[in-house]
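One structure is given here, and the rest of the page talks about it.
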Amino acid sequence: MDCSPAETTRIRSENHQPLCDQMCWWASLGAFDALTRGFGVWVVTGRGLLGYQAGLNWFRGVCKVDGSSFVLLCDGALPGERLVARVRRLRRGAFAEAAKLKTLSPHHDAVEAPCPLAADCGGCKSQSLAYSAQIHHKYVQVRDLLVNFGKFDPRKLESSDSDAILKPIVPCDEIFRYRNKMEFSFGTKRWMKREWKEEKEEVSKGEEVETDGYSLGLHAPGFFDKVLHVETCLLHSEPADQVLAVVQGSWTDPALGLTPYDVYKHTGFLKHLMIRTGRNVSTGAPELMVNFVTSCYKPELLVPLVDRITKISEVVSVVNNVNTSVGNTSVGEQEYTLYGKPTITEMLRGLTFQISANSFFQTNTKQADVLYKLIEDSAGLKGDGSEIVLDLFCGTGTIGLTLARSAKHVYGYEVVPEAIADAQKNAQLNGISNATFVQGDLNKISETFGKEFPKPDIIISDPNRPGMHMKLIKWLLEVKAPRIVYVSCNPATCARDLDYLCHGVEEKGLSGCYELKRVIPVDMFPHTPHIECNHPSTCGSEIHILKWGTPIFDVEYNIHAHISSRRGPGTMSALQKDSGKIFDSCRGSVHCCRQGCIM
């Protein structure tokens with residue numbers, strides 16, 4: 001938009017602070033509040049924003065303002081795209097957040113999203129970007145985090161020979177219908193975009209509305225109280241979609257007397273609908289568990305729904321989790337089986353696992369099989385049954401049990417008691433007797449930690465998003481296990497943890513004793529910004545990092561990295577010392593997550 005100087009005057013942002021160091025102009029024609037000359041482009045802020053997006057951050061477009069540190073993050077924007085967007089939040093002196101309104105010139109890798117709700121529900125927000133471009137940007141984000149947070153030499157990460165540490169990202173063969181678990185919420189009103197109602201209301205009044213009528217779907221991004229009505233979802237299995245359709249077509253029938261839970265009044269019955277997909281071990285056919293989360297136990301109200309969904313042959317289990325708290329969690333204090341069996345089964349690396357309503361299990365089963373194969377390769381067990389494996393943050397024991405077949409003994413630690421119980425059941429189910437699972441908080445380890453098991457030959461670490469606590473980092477550097485395989489769902493905290501393990505923590509007086517040998521990103525959740533990683537390394541030992549990932553829906557990508565021991569004291573290169581100065585505040589512990597990193 002062109003505005004002559006005669007038609008403009010200098011303005012400030014709504015909070016009366018200069019938006020940035022650039023010149024801001026008032027567009028008297030009323031189309032935009034402010035016009036800013038940016039990084040070789042025109043950027044319009046206020047009621048709208050016009051600009052070119054230079055990159056991606058957590059799959060949000062990034063626009064940098066020339067001559068300033070000011071950055072605008074735009075949901076739905078792609079690198080190189082020219083667009084109009086609405087500024088929604090202004091973070092004084094740092095950055096602003098915006099939402100795309102209209103594309104003026106598209107990104108060359110832009111595609112039409114198969115799901116009409118992709119841009120709004122937040123579950124798979126990058127459907128409009130070609131999958132090859134998605135994994136490229138995830139790879140770039142992992143590389144940048146390893147350089148900036150991990151302080152690793154970029155020349156070694158991406159050397160042209162086979163010794164390159166950072167390996168190509170492992171893509172997902174199935175980019176739709178890959179999730180084995182989806183959780184939907186019941187709402188008292190339907191949330192929708194204003195443009196869906198074709199309303200021409202002022203931007204200042206907001207860009208979304210709620211309408212009368214109950215809703216069953218997914219939460220609008222960033223809102224616990226707004227539910228986007230979803231009729232079908234391309235992320236979960238087709239039988240699961242059939243269950244969703246039956247419930248959608250039934251639960252609002254006045255004759256059933258069902259009401260959604262009101263998060264403000266704390267009244268109503270139905271809170272969540274969770275659908276899990278497993279596999280029959282004998283036939284290989286899919287089997288489904290349907291979990292109704294309710295505010296109280298009134299099974300008679302659910303009978304009509306149970307009767308209808310159990311006509312779908314794949315449904316083998318219907319359970320009711322009762323959650324009487326006012327919170328929005330889907331985990332109940334009590335669980336009741338309304339139909340069939342209380343668990344479903346799934347296969348991973350030739351082992352059988354029982355999955356209950358609240359069990360943790362990798363959300364993308366087929367890609368988890370790929371990830372676990374990488375973990376086995378990174379662990380490098382001799383196969384003669386002579387080695388001790390320590391499985392930290394073991395969850396339900398899936399990783400440790402796959403390694404137990406080649407190990408002398410596996411010791412697993414996990415803070416969640418239900419997960420430990422599941423791990424013990426899974427060991428018994430598969431006839432594995434050389435695995436011990438212990439409940440313990442690895443963020444609060446004592447001086448006696450490690451006395452209850454032999455010194456490990458191989459350590460597997462698969463922490464949640466915050467990564468590993470400094471106490472655990474210190475213990476790992478003291479015990480000096482020959483090999484560590486780090487599985488992470490958060491590339492940022494994983495890169496930090498690798499920095500500590502390899503380069504030490506100067507302010508804590510800790511010296512690093514590992515060398516990063518390999519990093520393999522694995523895309524666990526297409527169309528999302530999450531990453532899972534695998535990193536191996538050695539210290540006289542090795543560290544292998546195998547996954548990075550995170551979600552609104554447990555969407556994850558994986559990275560496999562290998563760290564091997566330093567043959568002497570060694571020092572950080574000047575490049576390593578200088579490459580991440582701006583991240584010095586993050587030093588002190590390297591973290592990983594079970595969920596995922598965003599590229």
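Using the three backbone atoms N, Cα and C, a Cβ is placed for every residue, glycine included.
All annotation found in TrEMBL is predicted automatically rather than curated by experts.
Straight from TrEMBL, the features:
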ACT_SITE  Cys489  active site, nucleophile
BINDING   Gln362, Phe393, Glu414, Asp462  S-adenosyl-L-methionine binding site
Pick the one among the recorded positions Gln362, Cys489 whose Cβ has the fewest other Cβ atoms within 10 Å in this structure.
Gln362
Neighbour count, 10 Å Cβ-Cβ cut-off, for Phe393 (S-adenosyl-L-methionine binding site): what number do you get?
22
Which of the three DSSP-derived classes (helix, strand, coil) applies to Cys489 (active site, nucleophile)?
coil
Give the maximum pairwise CA distance in Å, whole number, for the residues Gln362, Phe393, Glu414, Asp462 listed as binding S-adenosyl-L-methionine.
16
For Glu414 (S-adenosyl-L-methionine binding site), what residues in its own chain, 6 or more apart in sequence, show a Cβ-Cβ distance under 8 Å?
Phe393, Cys394, Gly395, Ile420, Ala423, Phe437, Val438, Gln439, Gly440
Per DSSP, three-state class assigned to Glu414 (S-adenosyl-L-methionine binding site):
strand
Rounded distance in angstrom between the Cα atoms of Gln362 (S-adenosyl-L-methionine binding site) and Cys489 (active site, nucleophile):
11
Quick one: pull the CA-CA distance for the residue listed as 'active site, nucleophile' versus Asp462 (S-adenosyl-L-methionine binding site), whole Å only.
8
